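*Asks:* Here's the feature list from TrEMBL:
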DOMAIN    A:67-268  domain 'Mur ligase central'
BINDING   A:Cys204, A:Cys207, A:Cys220, A:Cys222  Zn(2+) binding site
ACT_SITE  A:Asp343  active site
Amino acid sequence: MMTPLPRRRFSARTQAALAVERLAAEASRRLGRGSGEMIGGKLALRIAPDALAEVGSNRLTACVSATNGKTTTTRLLARALGTLGPVKSNSGGANMAPGVLAALSKPPYDAAAALEVDEIWLPKVARAIEPRVVLLLNISRDQLDRSNETRRIAALWRELGADLRDTVVVANVDDPLVAWSAMTWSRQIWVSAGQNWTADAMVCPQCARLLHRNATGWWCECGLARPEPIVSVAGLGELMWFGRRIPAHIDLPGRVNLANAAMAAAAAREFGVDVEDALAAMRGIGDVQGRYQEVPLGPDGKLARLLLAKNPAGWVEMMELLNSAPPRPVLIDFNSQTADGRDPSWIWDVPFERLAGRQVLVTGGRKEDMSVRLAYAEVPHTVHADAEDAATAANDKALDVVANYTAFRDLLVRTTR
Amino acid sequence: MSRESATRIALIYPELLGTYGDGGNAIVLAQRLRWRGLRAEIVEVPAGEVVPADCDIYLLGGGEDEPQVLAADGMRRNRSLTRAVSGGAAVLAVCAGYQVIGASFPAGNGRVHEGVHLVDMETRRSFDPPDVPPPPRAVGDIVVEPDQRLGLPTLYGYENHGGRTRPLPGSRGIPLGTVRLGVGDGTPARTDGIVDGKVIGTYLHGPVLAQNPALADLLLTWVHGRLAPLDAPVEADMLRRARARALAGG
């Protein structure tokens, strides 16, 4: 049975909104239309626009925003905060205001929360719930057809920081857009999380001059420069942590996920979680929303590791991850539906030449575009009607599948049903 | 005519004008030469540096408002691009690059910024009277039927821009083609782009040459003379057929 809402805390309007949220979400789940977070939250916010502030403020919350790594970092943070007590999280990936409301609107209402928030939605959500900590990881080109200029996102975050006087920001110093956006906040925890993709951070966000760079930093003639980090990834399996070197191992692969873990641990520290406890809690996460999971694929049950890459920065990270293990066949499943961005031009920003030497298979709604890209990169490949057919053609029992957003979603539904 | 030296393909200010995979055009041009047994060299010109005057083909891509202004100022400061064009070099300028090579374009702050004057075109948010709201951003697939004189097949691409572009009175050049799907220049003539001598400007953005190898070969022929036919890559034909199918209803 439902726990009764604590009547003293919420306005009648918000109570009604939360009741509707639960009914709608439950109905949507029963009808098999996903986790129901979106529809329930949307209805609730229409009934009570202030519901997010009422439900989310005055509790221990952290918001995670970025172009890449939001879902994983939120998951890691939720694990770390879980060492203190119950934690709410929009673990289904619904990361706009309705999804955040859905995560917060289940009792207990004093539970901590680790919340993934869309880059554009962050100002609205954070102004409503006034989180204790905000994590800002990176900003890069994504969904080109939406023309969310990268600098505009940084400027929105910068304004937000000036308004939230009691919020600490955990920010990546290696991304100039992020560092600039974090400088207005009342307190910063600077983390060196790395930046594999620099093409969107060539121009100073403050004065539009070209940034200078060397191996350790970036700076501009106007005075803007990389802040000195207090936490950094020192190597695979090591962090520099407030002046000491500590071992750090998690089960998710790649340097990028260790950087995500460092950001999450730095945020958890603000809630009183020791770094050792935080990292220990993060171990045991082997997949996030199906990412990094190995599933049987195709009629002969090939073992497919599912990987998500939905923009150039994500692909560059994925190349690093792929090339850190013995080469396996790689299947690229590439769509350009609305949720992917309709414009596939960005694949020409990805150094696909680095796939040379392994078997490459291609499928998806824009498989022909990917095929032309690979042809010009002189990467031999075959084109297939669907992922199952491609898996059959793989010349190994195990393969890596790199899919973008809708391709990944559809593949996950088909392979884990 | 054949050459001993490599054909030099300049990618101008890729940090400023490279938002939409525009570097792909350099890859396509270079590979189409190499696959014919010819030498090609991609010369990246970082922003802030002088554009070399001795390249054969110059490529300008898309970018956001502030980088676009920086790029225009950089190219106007040293006149080497203008000199190279007078000397017979070819230019492909797409999206923001197309706006930059004209006489003027809108800067982000609502002001009009001076362009590089390679072509007699001007770009504004709108050419309507001030009391008419500016048109929405043009975002989506675009199909252009090229001017017959160019001898090119249908052009497929993607556009994403907030500008409207028109020729100045008495301008030289011809439109690249007529828009069949999408917006292009956004003028009543339903045209897209400009071809003036060996300079091409178009709103088909990013790696436009990937979907349109004949356009790539036109540019190469301009600087290289006659080229052997090239059927590669076969994937390009598959892609063109797929786009034709996908956009047939549009």
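Glycine is treated like the rest: Cβ placed from N, Cα and C.
These figures come from a predicted structure and were not determined experimentally.
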*Asks:* Cβ neighbours within 10 Å, counted over all protein chains: which one of the binding-site residues A:Cys204, A:Cys207, A:Cys220, A:Cys222 has the most?
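*Replies:* Sorting the candidates by Cβ neighbours within 10 Å, the top entry is A:Cys204.
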*Asks:* Around A:Asp343 (active site), how many other C-beta atoms are within 10 angstroms of its C-beta?
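*Replies:* I get 22 for this one.
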*Asks:* Restricting attention to the domain 'Mur ligase central' (A:67-268), give the mean pLDDT.
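*Replies:* Averaging the confidence scores along the domain 'Mur ligase central' (A:67-268) gives 93.
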*Asks:* Write out which of the listed recorded positions, namely A:Cys204, A:Cys207, A:Cys220, A:Cys222, A:Asp343, lie with a C-beta under 8 A from a C-beta of chain B, sequence order kept, or 'none'.
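*Replies:* So the ones by chain B are A:Asp343.
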*Asks:* Within the same chain, and leaving aside A:Cys204, A:Cys207, A:Cys220, A:Cys222, name every residue whose CB is within 8 angstroms of the centroid of the CB atoms belonging to the recorded Zn(2+) site, in sequence order.
*Replies:* A:Pro205, A:Gln206, A:Ala208, A:Arg209, A:Leu211, A:Glu221, A:Gly223, A:Leu224
*Asks:* Under DSSP, is A:Cys204 (Zn(2+) binding site) helix, strand or coil?
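*Replies:* In three-state terms, A:Cys204 (Zn(2+) binding site) counts as coil.
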*Asks:* For A:Asp343 (active site) and A:Cys222 (Zn(2+) binding site), what Cα-Cα distance in Å is obtained after rounding to a whole number?
*Replies:* 35
*Asks:* According to DSSP, does the residue listed as 'active site' fall in a helix, a strand, or coil?
*Replies:* coil
*Asks:* What does DSSP assign A:Cys220 (Zn(2+) binding site), in three states?
*Replies:* coil
